[in-house]
Amino acid sequence: MRRNILSSILFLLLIMSVHVAAVEEGLVENEVTFQLREMVLPCPEFSCPTGFVCDTTAQKCRQEVD
């Protein structure tokens, strides 16, 4: 039982360290950036935040595409 708990903890630490290394190297997008890309605001009532443009057809703020 103790061996299973220890190996589970070590496995979780390994996964966390790989994720942290990937985030630091830019291989995994930051969750905040992902949430901003998914942000949909109604244009007429609110102005779009920086990096977003108003899609007049859908009446929603969409991420600006370069």
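Yeah, the Cβs are placed from backbone N, Cα and C, and that goes for glycine too.
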C48, C54 - which one Swiss-Prot pairs with C43 by disulfide: C54
Same-chain residues at least 6 apart in sequence whose Cβ lies under 8 Å from C43 (disulfide bond): C54, D55, T56, Q59, K60, C61
